[in-house]
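S.K.: Here it is: the structure, laid out below.
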Amino acid sequence: MEENCDSTENPHSQGRQNATKCGWLRKQGGFVKTWHTRWFVLKGDQLHYFKDEDETKPLGTIFLPGNKVIEHPCNEESPGKFLFEVVPGGERDRMTANHESYLLMASTQNDMEDWVKSIRRVIWGPFGGGIFGQKLEDTVRYEKRYGNRLAPMLVEQCVDFIRQRGLKEEGLFRLPGQANLVKELQDAFDCGEKPSFDSNTDVHTVASLLKLYLRELPEPVVPYAKYEDFLSCATLLSKEEEAGVKELTKQVKSLPVVNYNLLKYICRFLDEVQSYSGVNKMSAQNLATVFGPNILRPKVEDPLTIMEGTVVVQQLMSVMISKHDRLFPKDTEPQSKPQEGPNSNNNDGHKKVTMGQLQNKENNNTKESPVRRCSWDKPESPQRSSMDNGSPTALSGSKTNSPRNSIHKLDVSRSPPLTVKKNPAFNKGSGIVTNGSFSSSNAEGVEKTQTTPNGSLQARRTSSLKSSGTKMGTHSVQNGTVRMGILNTDTLGNSLNGRSMSWLPNGYVTLRDNKQKEPAGESGQHNRLSTYDNVHQQFSLMNLDDKHSVDSATWSTSSCEISLPENSNSCRSSTTTCPEQDFYGGNFEDPVLDGPPQDDLSHPGDYENKSDRRSVGGRSSRATSSSDNSETFVGNTSSNHSALHSLVSSLKQEMTKQKIEYESRIKSLEQRNLTLETEMLNLHDELDQERKKFTMIEIKMRNAERAKEDAEKRNDMLQKEMEQFFSTFGDLTVEPRRSERGNTIWIQ
């Protein structure tokens, strides 16, 4: 009863060589509703039926667009009838090409289901439905309008639901789901609907739906042509595993793109499922037993072939699940998601770097040239506390390495206190930059928080703190001292325990001990950190004999932020973003940098008093060193400006690329919109024509009914006239006979 009409073996099938399906069905028709056996051919969006298989002229045609297919359950009275009906669409305002229903009967249940699936695929295919039994490349081609995907949306939806709710479900993929629910979901997807799974949906039902989709693909994920090649890989695996894996990788790469992507997606998901085998009892072998026949199956499914290949297929599928990292390398993974822009904030995207990775990057950090993004975290406990007792060491030597001395002062009178928080990561040789503050810790792991009183910045400030407008450039740290925005005892006496700091490309900081330690009297000879992008500046100390080589690294981002304490009364916003124009255009006061080289502070009050005195006498010190500052800064300005120009040009190029990409997308969407509008206009015109036809047919039907009523009336009148005629004719014939009998002459 069922045939695929793709071949042209007999001459009569040449006109139907592009038919999707053909076979014998029984059709109910005529006024008496009798059953007639007809040869049906499904071609395009039309279902033709012929009197015989060899006929070329169809007896009729059913136009499928706008219709729907309904399956009739088997009745107990007629168990041998497998009925389905093609009826017009359920919407009243939706007119179809034919205004009548067709009741068809198949010989078997499987035959009926195949016909229903094929007809639904034709009806709902243009609307994204009919995916069960549809070719994989056709499904992927249609879903490309929604973006590039590794797997069809049905597979992704099932996998995402199982990831969320079913990875720990015992017997996953082994226990069957509810058959009626699976059937309902299948019909919904085939009708172009997109049903969503909620918390009440059974996990086993969704798993059964996924297996059903893979099982009903016209050609499995591994095509029929590759079946024998994959089986040979399994044979090679049993002899020599390494050679077998290489051959299997070669065969996997030779698959079509859509098949390769789907196989990779499924194998990675199944590997994730088997990682929970201690809970769900589904090991790689069990999953291979379930999915093997759906992924790898022969074209001719005779019992002997299936029996011979079952064990081999299970072994091969188990290898593909457990060794999917080698079979599907990540470097060949297509980009299915848009890349993040250079200014995107990826706070949640950064993975924590292990200690070994930090040390490896620390040893090679001078060779790190790519510009990376830096992640900023909100300070955990911005509390006010007194500074540690100690004597801060002021700067001595040249201060011309910073452009601060040749620009206007930055007014920070309204700035809330910044926070420098101790962090145990310093003991391990690493640190974290958090919203303009550097986290460190002492040897005892005591957590300390230091703030400046009255919301004013009265301490030394690095580029990462001072600029909250720092343009994320190259920072060189001399003699193992980290220049912080807030003074504490660790930076004064030990210079952060004699460790050198380097900024890694991912925004983290590593500290390590120097081989040489500077004398106590020279601990204050440091250079300011550079505030520019991608510029490796050379700094010189007053004493050239004490110069040490340090590591430098590059880190960059569009802007940096300083997080303000929530209990600050003077802050107007939670974060302050400082672009480069704020850095150059603002006024800045740094009494510590402008003060004398050596001062001792024992209490925060003394610190404030001395900083006030420095602010008075700082101008004279600036005047004496202005000539030195101008000479060095002129040389740095050109390189800094060139670096900024290169950064701006690269950002402009990136913006141009994004603009071109967005414009192309907009044009494609506009073109698609015009196409859809044209289709809508055509459909409206067709709808109007069909309505007019329907109106004409209604008029004809009413005329026919009136003519029928008139004919019945005439028939009644004729019937009465005939009865009267026969009754009158009978009376006329009976009376003459009676008169003749009365005139009889008797002869004796």
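Including glycine, each Cβ sits where the backbone N, Cα and C put it.
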S.K.: Report which of S398, S463, S468, S602 appears in Swiss-Prot with the annotation phosphoserine.
M.R.: S398
S.K.: Just to confirm what the record says: which one of S78, S391 has phosphoserine annotated in Swiss-Prot?
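M.R.: Record lookup in Swiss-Prot returns phosphoserine for S391.
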S.K.: Among S381, S415, which is the one flagged in Swiss-Prot as phosphoserine?
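M.R.: Residue annotated phosphoserine in Swiss-Prot: S415.
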